[in-house]
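**Q** What TrEMBL records for 136-264 is domain 'EIPR1-like beta-propeller'. According to TrEMBL, the repeat 'WD' annotation covers 65-88, 100-138, 145-187, 188-230, 232-274.
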Amino acid sequence: MKTFKFPARHGYAVEISPFIPTRLACATSQYYGIAGCGTLLVLEQTETGITLVKSFDWNDGLFDVTWSESNEHILLTGGGDGSLQVWDTANPQPGPLQVLKEHTQEVYSVDWSQTREENLVVSGSWDRTAKVWDLSRGGQSLCTLQGHEGVIYSTLWSPHIPGCFASASGDGTLRVWDVKTGRCRLAIPAHKAEILSCDWCKYDQNVIVTGAVDCSLCVWDLRNVRQPLSRLRGHSYAIRRVKFSPFNQTMLASCSYDFTVRLWDYSRTEQPLLETLEHHSEFVCGLDFNLQIPNQVVDCSWDETVKIYTPLCLAAPPPSARVW
């Protein structure tokens, strides 16, 4: 396991570059995001550890980060002042390239579209709105989508369907939106508690997972939402982030305020929990799979660390490949 320590900064989100498999970014905040400033850390994984490539400071906490899907140097963060910040790792200047300010409360989620037909960003805010942006068109959003009755904690583009994203909210619903019409296509009362995270399956455009304050993950088939495909229990406090594996259709990871990261296979009805990792001493808020290095996971925590590792359940060969 490789560890990077960042004193006096608490990790909120971490994402690996889609271009450089050893490059990652971490959004952090001072004083647990309650007050103070934020720092975007750009890190490099080496043979022996993790090194700092560059850091960018912002005058408020940073709660999420996403890499550009079209330029390996560009990143976007969401801040506590309601703004989105565009950063360029190749720019010698310390400040952002662009600041997008329309949200009236904290921006808790940002995501860059992965489909080739578009180059759009979606943001989700505590002001209960999601906004879609085209950064090539200047500093104004293309549209604002309203409908949630609570804070929006997570907004995520479909990796399959252009112009489609999902949002998870404190109102207990998961919503799927169509940017072209500006309307909500589907609203699912997914949990009887705040939903802090969602993620799309990389292999099936109809499957999505939610993670909530009720300590459960629910896997949904959008063609039949009367009940989840699977409900995964094991965490003892709120689930902060969920991620589907890019290499296994039914495998996913979750991190929680119970200080753990857990790996699951929802196709296993008897024992879906594969592994529990207890290597943090505070809330674990950020989580990502490496798209180019199979089975590698990265996370970040309020204990001021980023960790890179391969869970044991992923390192072991599948049963069919074992030689007895």
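Backbone N, Cα and C atoms are what each Cβ position is placed from, and that goes for glycine too.
Bear in mind that TrEMBL entries carry predicted annotations, made automatically and left uncurated.
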**Q** Which residues, given as numbers and ranges, are at least 6 beyond the ends of the repeat 'WD' (100-138) yet have a Cβ under 8 Å from it?
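**A** Distant contacts of the repeat 'WD' (100-138): 18, 61, 63-70, 76-86, 144-146, 148-163, 165, 167, 169, 177, 179.
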**Q** Tally the residues of the repeat 'WD' (65-88) by DSSP class, grouping H, G and I as helix, E and B as strand, and everything else as coil.
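**A** Summed by class, the stretch gives 0 helix, 15 strand, 9 coil.
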